[in-house]
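Enquirer: Supplied in structure tokens, the structure appears directly below.
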Amino acid sequence: MHTGGETSACKPSSVRLAPSFSFHAAGLQMAAQMPHSHQYSDRRQPNISDQQVSALSYSDQIQQPLTNQVMPDIVMLQRRMPQTFRDPATAPLRKLSVDLIKTYKHINEVYYAKKKRRHQQGQGDDSSHKKERKVYNDGYDDDNYDYIVKNGEKWMDRYEIDSLIGKGSFGQVVKAYDRVEQEWVAIKIIKNKKAFLNQAQIEVRLLELMNKHDTEMKYYIVHLKRHFMFRNHLCLVFEMLSYNLYDLLRNTNFRGVSLNLTRKFAQQMCTALLFLATPELSIIHCDLKPENILLCNPKRSAIKIVDFGSSCQLGQRIYQYIQSRFYRSPEVLLGMPYDLAIDMWSLGCILVEMHTGEPLFSGANEVDQMNKIVEVLGIPPAHILDQAPKARKFFEKLPDGTWSLKKTKDGKREYKPPGTRKLHNILGVETGGPGGRRAGESGHTVADYLKFKDLILRMLDYDPKTRIQPYYALQHSFFKKTADEGTNTSNSVSTSPAMEQSQSSGTTSSTSSSSGGSSGTSNSGRARSDPTHQHRHSGGHFAAAVQAMDCETHSPQVRQQFPAPLGWSGTEAPTQVTVETHPVQETTFHVAPQQNALHHHHGNSSHHHHHHHHHHHHHGQQALGNRTRPRVYNSPTNSSSTQDSMEVGHSHHSMTSLSSSTTSSSTSSSSTGNQGNQAYQNRPVAANTLDFGQNGAMDVNLTVYSNPRQETGIAGHPTYQFSANTGPAHYMTEGHLTMRQGADREESPMTGVCVQQSPVASS
């Protein structure tokens with residue numbers, strides 16, 4: 001220990017010692033009061049002379065390093081302590097708990113304020129604001145790849161854009177006026193994106209193929225007039241149509257349409273499916289639902305199928321997740337291979353919904369959908385579930401080899417035992433129709449309902465191989481001879497004032513002569529969609545509301561008798577069944593004997609085509625100045641990748657198809673009365689049913705009419721070109737549309753009723 005007079009061995013300038021620990025406590029208190037410094041190295045303690053250091057005890061000197069170490073840590077902690085504290089009202093915990101509603105309101109205010117400001121900037125003329133926004137496709141597109149529609153815009157000196165009428169995942173649909181053809185059209189504008197373009201090109205190819213085989217436009221498929229590229233968007237020009245069957249149901253307050261009108265829709269749909277099943281087409285629609293079936297005229301029952309955006313040809317199936325859920329077939333739910341039979345399942349669901357007003361199977365998800373199907377139809381056959389990849393998603397196999405429904409995970413939904421929710425009761429076969437609303441009405445007898453129920457059950461067969469096919473469905477006894485019926489929903493919409501005001505109106509129609517010419521029209525003011533090709537009519541004026549949308553009549557009065565289909569064996573003569581597909585047109589079919597219904601036919605068989613020419617009476621061009629702009633349809637599609645065409649080279653069953661029109665179709669027997677369909681009703685289903693999966697499609701002889709004005713390219717295909725600067729190539733001209741003739745027609749109370757279009761869903 002050094003004495004007081006001794007000096008330290010170290011240089012005084014190098015010593016920076018703190019006082020003793022007891023003294024430093026006061027020093028810390030003083031340090032806390034001093035202003036904080038950003039550089040701790042600038043904060044120094046007072047210098048201590050060598051004499052003071054020598055006077056310290058040894059124990060105090062030992063504690064000095066510890067004091068030097070503790071002091072910086074405490075000072076650092078003091079510096080980290082906030083000098084001011086947050087207002088408790090603004091704390092996140094409070095905002096997300098006690099003040100949660102207030103927080104959400106503030107978020108909404110900020111969000112909508114920004115949205116409103118952007119909207120105002122978009123409409124303003126200030127160029128400075130427009131420069132701030134990102135430009136897509138030279139300013140023609142929005143950030144969703146959709147074309148920015150401007151009302152009144154003129155495209156290629158031909159199309160005048162009127163308004164946006166529909167929007168979906170595929171793009172948009174606009175109403176436009178074609179100055180060249182002088183008619184209203186619906187233009188489907190595809191998104192400016194490769195995936196949507198590829199899928200739309202498939203739709204174009206299928207529509208061209210169908211229109212090529214249906215030049216008379218009598219198989220209820222929407223007519224694609226032409227297509228072109230405009231500002232990097234593929235545009236499809238369709239004929240003008242009216243609203244869809246879902247809109248019609250909504251107009252009945254979801255009470256459903258009459259059984260007679262349901263029959264009209266059913267027969268047209270079966271004819272369309274028969275057309276799609278021809279071997280040259282073999283097209284699966286894949287998305288049949290009320291929204292995709294459109295009325296040609298709001299006053300009439302003629303319909304057309306639209307939206308082939310998710311369609312494919314047999315053998316080119318690339319998707320497993322298809323069809324809207326309510327109308328999804330069991331084989332699709334179970335992950336099995338599918339064919340054209342899935343569209344027949346969808347049709348069965350649609351027909352029940354059109355009459356009852358409610359979906360038959362309204363599942364919230366796939367499991368719920370299957371459970372609701374089982375409620376009505378029971379457990380699917382074991383041989384189907386044994387082969388289904390997704391069977392155990394819905395069912396479980398018991399030790400004895402049978403299958404039963406799995407219990408739902410949530411346990412909230414309670415279902416009726418399998419097969420106990422009878423279609424008999426859903427349709428109200430013996431109780432006056434659905435909800436008893438049809439009791440006492442003409443055409444709604446128990447016998448009528450029994451025929452309807454039998455047809456629906458055949459359409460809803462679990463096994464796609466034994467599910468009824470369009471050819472046999474058209475021969476079902478449900479399709480009896482009926483007069484034309486408009487979309488009259490007077491018995492269903494008692495609460496609609498607009499409907500009640502229209503119920504008192506009525507019209508009569510003149511019938512055409514037996515020569516096949518169109519000699520008159522109804523005085524209801526129905527006219528062709530082409531204003532330059534008006535038929536002479538006996539009324540005096542045309543109703544402006546439907547002048548641009550009449551597309552119901554496709555063929556004149558013709559009575560056709562087709563030869564018996566090739567491939568029938570045996571000596572028993574086939575039964576002749578006369579099918580009246582038009583009020584003035586009849587077609588005779590040869591129904592196969594029961595035991596020899598259809599056999600595979602190999603080799604080259606000759607096809608017989610019957611051509612009937614139209615004779616029209618014309619007068620001058622109709623003025624367009626006062627034409628009312630009708631509503632048209634929305635047609636959403638599903639995007640998918642491109643598919644290549646594939647020929648179906650399997651053996652087919654040869655038979656003849658209906659020559660049908662958009663008017664009411666009915667089946668009657670020319671030789672056996674009501675027993676004309678006996679050959680079909682008693683046929684052994686399992687033995688004689690066609691297997692679409694193996695044979696491709698039914699070989700149906702369809703009458704094909706050539707179009708002398710159609711330009712063809714290689715292999716007879718229509719020629720067309722894509723151009724962003726020039727007008728579209730006219731590769732598909734309009735087929736002749738004659739005025740539909742018939743007797744005892746009723747003016748529909750739908751006339752003049754503005755029906756709100758259903759929202760477009762992304763399917």
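Cβ coordinates are placed from backbone N, Cα and C, and glycine is handled just like the others.
Sharing the features that Swiss-Prot gives for it:
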- S14: phosphoserine (MOD_RES)
- 33-56: region 'Disordered' (REGION)
- Y111: phosphotyrosine (MOD_RES)
- 115-136: region 'Disordered' (REGION)
- 117-134: motif 'Bipartite nuclear localization signal' (MOTIF)
- Y140: phosphotyrosine (MOD_RES)
- Y145: phosphotyrosine (MOD_RES)
- Y159: phosphotyrosine (MOD_RES)
- 159-479: domain 'Protein kinase' (DOMAIN)
- I165, G166, K167, G168, S169, F170, G171, Q172, V173, K188, F238, E239, M240, L241: ATP binding site (BINDING)
- Y177: phosphotyrosine (MOD_RES)
- Y219: phosphotyrosine (MOD_RES)
- D287: active site, proton acceptor (ACT_SITE)
- S310: phosphoserine (MOD_RES)
- Y319: phosphotyrosine (MOD_RES)
- Y321: phosphotyrosine (MOD_RES)
- 408-442: region 'Disordered' (REGION)
- Y449: phosphotyrosine (MOD_RES)
- 485-540: region 'Disordered' (REGION)
- S529: phosphoserine (MOD_RES)
- S538: phosphoserine (MOD_RES)
- 595-625: region 'Histidine-rich domain (HRD)' (REGION)
- 596-679: region 'Disordered' (REGION)
- 598-620: compositional bias 'Basic residues' (COMPBIAS)
- 744-763: region 'Disordered' (REGION)
- S748: phosphoserine (MOD_RES)
- S758: phosphoserine (MOD_RES)
Enquirer: In terms of DSSP three-state secondary structure, what is the assignment for Y145 (phosphotyrosine)?
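Expert: Coil, per DSSP.
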Enquirer: So of S169, S310, which of the recorded positions has the fewest other Cβ atoms within 10 Å around its own Cβ?
Expert: S169
Enquirer: Roughly where does the region 'Histidine-rich domain (HRD)' (595-625) sit in mean pLDDT, to the nearest integer?
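Expert: Summing pLDDT over the region 'Histidine-rich domain (HRD)' (595-625) and dividing by its length gives 38.
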Enquirer: Considering only the recorded positions Y140, Y219, M240, which residue has the minimal Cα-Cα separation from Y159 (phosphotyrosine)?
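Expert: For Y159 (phosphotyrosine), the closest Cα among Y140, Y219, M240 is found at M240.
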Enquirer: Which of Y140, Y145, Y159, Y321 has the fewest nearby Cβ atoms, counting only those within 10 Å, among these modified residues?
Expert: Y321
Enquirer: Could you tell me the C-alpha distance between Y177 (phosphotyrosine) and D287 (active site, proton acceptor) in angstrom, no decimals?
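Expert: Answer for this pair: 29 Å between alpha carbons.
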Enquirer: Of the recorded positions Y111, D287, Y319, Y449, which one sits closest to I165 (ATP binding site) when you measure Cα to Cα?
Expert: D287
Enquirer: What three-state class does DSSP give Y449 (phosphotyrosine)?
Expert: helix
Enquirer: Roughly how many Å separate the Cα of K167 (ATP binding site) from that of S310 (phosphoserine), to the nearest whole number?
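Expert: Cα-Cα, rounded: 16 Å.
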Enquirer: Near D287 (active site, proton acceptor), how many other Cβ atoms are within 10 Å of its Cβ?
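Expert: There are 25 of them.
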Enquirer: Looking at the modified residues Y111, Y177, Y319, which one has the fewest other Cβ atoms within 10 Å of its own Cβ?
Expert: Y111
Enquirer: If you measure from the Cα of S310 (phosphoserine), which of the recorded positions Y140, V173, Y219, D287, Y321 is the nearest?
Expert: D287
Enquirer: Determine, to the nearest whole angstrom, how far the Cα atom of Y319 (phosphotyrosine) is from the Cα atom of D287 (active site, proton acceptor).
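Expert: For Y319 (phosphotyrosine) versus D287 (active site, proton acceptor), the Cα atoms are 12 Å apart.
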Enquirer: Quick check on the recorded positions Y219, F238, Y449: which one has the highest count of other Cβ atoms within 10 Å of its Cβ?
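Expert: Per the Cβ count within 10 Å, the most buried is Y219.
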Enquirer: How big is the Cα-to-Cα gap, in Å, between Y111 (phosphotyrosine) and V173 (ATP binding site)?
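Expert: Distance between the two Cα atoms comes out at 29 Å.
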